[in-house]
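**Q** Feature list, courtesy of Swiss-Prot:
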type	residues	note
SIGNAL	1-28	signal peptide
SITE	Gly62	site 'Contributes to redox potential value'
SITE	His63	site 'Contributes to redox potential value'
CARBOHYD	Asn82	N-linked glycosylation site
CARBOHYD	Asn117	N-linked glycosylation site
SITE	Arg126	site 'Lowers pKa of C-terminal Cys of first active site'
CARBOHYD	Asn155	N-linked glycosylation site
CARBOHYD	Asn174	N-linked glycosylation site
DOMAIN	356-485	domain 'Thioredoxin 2'
SITE	Gly407	site 'Contributes to redox potential value'
SITE	His408	site 'Contributes to redox potential value'
CARBOHYD	Asn425	N-linked glycosylation site
REGION	497-522	region 'Disordered'
MOTIF	519-522	motif 'Prevents secretion from ER'
Amino acid sequence: MKFSAGAVLSWSSLLLASSVFAQQEAVAPEDSAVVKLATDSFNEYIQSHDLVLAEFFAPWCGHCKNMAPEYVKAAETLVEKNITLAQIDCTENQDLCMEHNIPGFPSLKIFKNSDVNNSIDYEGPRTAEAIVQFMIKQSQPAVAVVADLPAYLANETFVTPVIVQSGKIDADFNATFYSMANKHFNDYDFVSAENADDDFKLSIYLPSAMDEPVVYNGKKADIADADVFEKWLQVEALPYFGEIDGSVFAQYVESGLPLGYLFYNDEEELEEYKPLFTELAKKNRGLMNFVSIDARKFGRHAGNLNMKEQFPLFAIHDMTEDLKYGLPQLSEEAFDELSDKIVLESKAIESLVKDFLKGDASPIVKSQEIFENQDSSVFQLVGKNHDEIVNDPKKDVLVLYYAPWCGHCKRLAPTYQELADTYANATSDVLIAKLDHTENDVRGVVIEGYPTIVLYPGGKKSESVVYQGSRSLDSLFDFIKENGHFDVDGKALYEEAQEKAAEEADADAELADEEDAIHDEL
C-alpha cells in the first residue's frame, strides 16, 4: 500500500471536522461530507458511484461515537477525490442491515465498481488517516503500470511488499500477475514495468529492505501457475525478521514453514539480537521463518511452545508436526535467584537452528509423569508413554484425547467407563485409554477439537483410525470390532456380562430368600 502527499490530511479539514463535534455523537452532522443512506436510497446510490465506504451503525453504540469524529475527518479529505463515505442507521433500516449480514457496530463495508452485491470489510484502524490511506488505495488500479521503475520506487512510500514484474512480459504470465493483483489487492502493491529490451524479472521489494529485492530464480512457465505464484508470495513476501502479533500470525501459518521466535524484554534488547536473526533468516530463507515477539504483551505464548517465561528466549515451532524446540532454560529456583539478565549465545542459537533443519534436534515434549497406579479400567496415558502403548501390536488400543474443561468429554465419561469395563473384564486384546491433551504432547495425531477418539489397531502395519460416529456405547463397540485387528465383539461381551450380572443377582436373591426362610424357621 502506497501513500502520496495528497493523502495527508490538511490542517483545515482537521479543524473543520473537530469543530462540528462539540458533543460527540455517532451520527455525522448534516453539514459534513458524510452521506446518509437508507433502505430506499442505498442501492441506487451505490450503483451510481464507483467507490463508497459505508458505515452501518447504531446511534447508541459507544464504538460508533468514538469513531465518528475520525470518520467525518476522513470524509472531508476524500470528498475531493470523489470517494464517498456514507452512514446507514441500522435502528431505522433493519432489513437493509440484515441483507448485508451486519454482525455488530460499527461495520464498515467497501463497495467498488458500483456493485451493490459484493463488498469488502474494512478491518483497519478506525482513524481518519488510516481510512483515507486505505480508501485511496481502493481507488487505484490493481497494478500500477510505470515506465521508470527506479524513480517510481524512490518517490513512493510503501508499507506492504511491492511485487514487480519487469522486462519482457508474455501474455500467460501477465494474466496470472493481474489475477494475483486483484486477489491480493489489499495485501501487496503490484507494479508492472515492461521493457521489451530487458529480460523478464519478477521481484519482491520489502518495505524494510527496498534496496535488497527478492528475485524469482525459477522457470517463468512455473510461476505463471497461480498456485506456484501464491506459494512463492507466502514465503518471500514475509519480512526476513519481522514482529509478530495477531494481525500477521495467519500469514506465517499459511507459509507452511517452521517459525523461530525471539521473545524480547524491550526494544534495546531486540536491537541487540536483530542482526543475528536477520542474517539467519536470509541464510535459511524458504526453510523457516524468524520473528520477534514482545514478551511484555505476549509472554504467555512461551507456554504454548513448552517454554518457561524466562526472557529473552529462543524457540522453534514446527507447526506441521506441532513440535516445539528451544534452548535450555534455568530451573525455577535458579531463575528466581538470577541477578543478571539472561544472555542468549549466538552459537547456541545457530546450533539449534542447524540441528533442527537437519532433523537432529530433540523436541520439548510436554508430559505428565507416568501414572504408577492405574485405578480404573480406563488406562491413563501421558506423553511419555503414549507411543509405546498405542503401538503395542498385541492390542487394539482406543484413545480418548480430552480436555478437563470440555463439556462433551464430561458427558461421554460414563459411557467411556462402561466401554472400558466391558473389555477389561473379558479380554486383554483391547485396551481403552485416555490422555489429557492439555498436559501432554503427542506426535502424529491431528486433534482439532475435544473429544477426539482414535483407534490404534494391533498388528505390525496397522494405520490408526479416527472415530467419527455417535458417542453411544453400541457405536463404539461396532467401531472397535470393524476396525480393530483382533475382531473383538464388544456387544457380545457386554451382553454376556449383563447376563452374568443378572444370574449373580438372581443367585444373590435366592440366597437371601433362603437365609430369610431359615431365619423365620428359627
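Yeah, the Cβs are placed from backbone N, Cα and C, and that goes for glycine too.
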**Q** Express the distance between the Cα positions of Arg126 (site 'Lowers pKa of C-terminal Cys of first active site') and His63 (site 'Contributes to redox potential value') as a whole number of Å.
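**A** Given the Cα positions, Arg126 (site 'Lowers pKa of C-terminal Cys of first active site') is 10 Å from His63 (site 'Contributes to redox potential value').
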**Q** If we check Cα distances from Gly407 (site 'Contributes to redox potential value'), which of the recorded positions Gly62, Asn82, Asn155, Asn174 wins as closest?
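**A** Of all the candidates listed, Gly62 is nearest in space.
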**Q** What is the one among the recorded sites His63, Arg126, His408 whose Cβ has the most other Cβ atoms less than or equal to 10 Å away?
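**A** Compared across His63, Arg126, His408, the most Cβ atoms within 10 Å surround Arg126.
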**Q** What whole-number Å value do you get for the CA-CA distance of Asn82 (N-linked glycosylation site) and Asn174 (N-linked glycosylation site)?
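**A** Computed Cα spacing between Asn82 (N-linked glycosylation site) and Asn174 (N-linked glycosylation site) is 30 Å.
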**Q** Cα-Cα, whole number of Å: Gly62 (site 'Contributes to redox potential value') versus Asn117 (N-linked glycosylation site)?
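**A** Just about 29 Å between their Cα atoms.
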**Q** By CA-CA distance, flag whichever of His63, Asn117, Asn425 among the recorded positions is nearest to His408 (site 'Contributes to redox potential value').
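**A** Spatially nearest to His408 (site 'Contributes to redox potential value') by Cα position is Asn425.
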**Q** In which DSSP state, out of helix, strand and coil, do we find Asn117 (N-linked glycosylation site)?
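**A** For Asn117 (N-linked glycosylation site) - judged by DSSP and reduced to three states - the answer is coil.
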